[in-house]
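Undergrad: Take a look at what TrEMBL says about it:
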DOMAIN    11-155  domain 'Flavodoxin-like'
BINDING   17, 18, 19, 20, 21, 22, 64, 65, 66, 67, 137  FMN binding site
DOMAIN    227-470  domain 'FAD-binding FR-type'
BINDING   372, 402, 403, 404, 405, 624  FAD binding site
BINDING   478, 544, 545, 550, 551, 552, 553, 554, 586  NADP(+) binding site
């Protein structure tokens with residue numbers, strides 16, 4: 001390959017984010033670089049042309065791992081490009097790079113994306129300037145526990161190998177008073193009556209969910225910030241668990257209000273939850289904002305009168321309701337740093353400065369993330385802080401959609417979609433009662449009151465199986481949700497065609513407390529149903545708390561290892577869904593033990609056998625925290 005002479009004399013920071021953490025980390029890197037007078041270029045991987053990579057001098061990749069070792073949506077095209085066989089082992093010769101990953105060591109494939117990216121860049125001839133950093137959500141300070149020391153090393157090494165990047169050296173020498181940046185956005189206030197002759201038409205456009213969310217500067221390619229696929233109306237809200245059993249799991253049924261949408265079993269539904277109007281009002285009062293004002297938002301430094309769609313006015317309260325998560329998400333560390341510049345009470349300023357310093361990182365994590373403090377709670381704890389709207393829009397976390405496995409078959413329930421949702425609640429280390437934002441909101445909805453819920457459909461980790469494919473399903477707790485759809489669909493198919501058997505392992509606490517969809521499973525496991533042993537399948541349930549010793553799904557699998565192996569030998573696909581903690585690992589180990597025992601092979605061969613099943617698309621995991 002011909003040596004490229006022209007190189008880009010800027011530190012390139014490329015990020016791939018799914019929930020926003022990698023974006024936060026990359027923006028933090030960018031701020032620290034700018035404070036050292038280092039020229040930078042900050043881009044999402046989906047915005048960057050990978051053909052230009054050999055021309056870069058130094059690149060920092062900040063990438064998160066999602067699901068079971070998956071790349072974020074914004075990285076998929078870039079990653080496919082890097083995997084091209086036509087790229088030589090010298091393609092990145094002369095390019096210095098490093099990788100920082102964000103992951104959770106509770107998952108089996110911890111920081112898998114960062115690890116495979118690092119290896120691929122090395123294989124293509126790139127030069128590592130610093131060993132990859134692996135941020136861990138399980139660390140007492142979250143990913144920042146690794147990021148802080150890793151960044152310190154980065155500036156020292158960069159100063160050694162590329163001193164022209166850091167003309168002032170690796171340490172910040174600028175006075176703190178000038179370290180606050182300009183906000184990324186600018187706000188224009190509009191007088192609707194005088195500017196728009198057809199005000200009612202304009203206001204109707206401005207309340208459109210997709211248009212409003214597209215105005216938020218925090219949106220990324222993976223955000224469901226475009227127009228919803230449809231609006232849903234709840235028609236059923238049924239408890240599946242016995243009262244006071246220690247869990248509250250609900251069955252929700254929705255009808256499609258707008259045009260019909262096609263979905264398949266195994267697909268995922270994302271919904272945009274509604275915020276409590278009292279909390280939105282409290283935030284607006286605390287920040288001294290006018291809820292009835294009409295505003296438009298544009299990137300700082302652009303002309304606000306160019307007729308671009310994002311310049312259309314929106315009522316301030318509507319913008320807050322649809323885009324700014326004021327009462328569920330915890331603010332990021334930079335929020336506290338910016339707050340410190342606007343604090344007028346000295347003791348508040350000192351506390352905020354401490355929180356945003358490396359020394360205060362652990363205490364901030366305990367106060368903020370561990371306690372799940374909301375933006376509203378934090379602002380109320382620091383009453384002297386009055387932040388401008390520009391900063392609030394930039395720093396308040398964007399209201400995120402929430403994803404759920406669909407638990408219905410559209411063939412069985414035309415124009416409907418069903419969800420199986422655990423209503424989450426917990427107590428923080430300081431004994432504060434907290435509730436899951438979306439699940440609690442759904443639980444309070446009354447089907448008699450029509451509420452249009454913005455919704456998006458997309459593929460999850462569980463592909464729709466063909467009727468002729470034997471299945472082994474493992475879904476404890478709400479992990480049974482997608483399999484309700486699978487079993488409904490196959491039962492319908494079995495009425496007209498020959499279908500393959502299904503073996504289903506379900507787990508819960510107690511038979512009389514949280515045996516979700518008990519009648520459905522038992523009905524299909526009898527009279528030659530799709531879950532019946534007579535048809536080659538089976539339904540097996542583990543009640544973990546109905547006896548002195550704990551019994552989990554993996555124990556039931558090993559109890560029926562011969563039947564499991566027979567189905568695997570017949571070409572069955574494995575589907576696992578549920579909690580992301582230990583369950584997927586324990587279930588996979590059980591499969592490996594079964595293969596080793598029943599096929600009379602070593603444990604190593606059994607592990608390879610399961611890996612081969614995964615590679616050929618017959619071993620799927622959908623797990624959530």
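These residue numbers are counts, starting from 1, taken along the chain as shown.
Heads up, the Cβ atoms here are built off N, Cα and C, so glycines get one too.
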Undergrad: Tell me, if you would, which residue among 17, 19, 21, 64, 66 (binding-site residues) has the fewest other CB atoms within 10 Å in the structure shown?
TA: 19
Undergrad: Grab the FMN binding residues from the record (17, 18, 19, 20, 21, 22, 64, 65, 66, 67, 137) and give me their largest CA-CA distance in Å.
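TA: Pairwise Cα check on 17, 18, 19, 20, 21, 22, 64, 65, 66, 67, 137 gives a maximum of 15 Å.
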Undergrad: Radius 10 Å, atoms counted are CB only; among the binding-site residues 405, 478, which position scores highest?
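TA: Per the Cβ count within 10 Å, the most buried is 405.
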Undergrad: For the domain 'Flavodoxin-like' (11-155), what's the mean pLDDT in this predicted model?
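TA: Across the domain 'Flavodoxin-like' (11-155), the average pLDDT comes out at 92.
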Undergrad: Between the binding-site residues 137, 586, where is the Cβ count within 10 Å the lowest?
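TA: Counting other Cβ atoms within 10 Å of each of the binding-site residues 137, 586 gives the minimum at 586.
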Undergrad: Around the C-beta of residue 553 (NADP(+) binding site), how many further C-beta atoms are within 10 angstroms, looking at every protein chain?
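TA: Other Cβ atoms found within 10 Å: 27.
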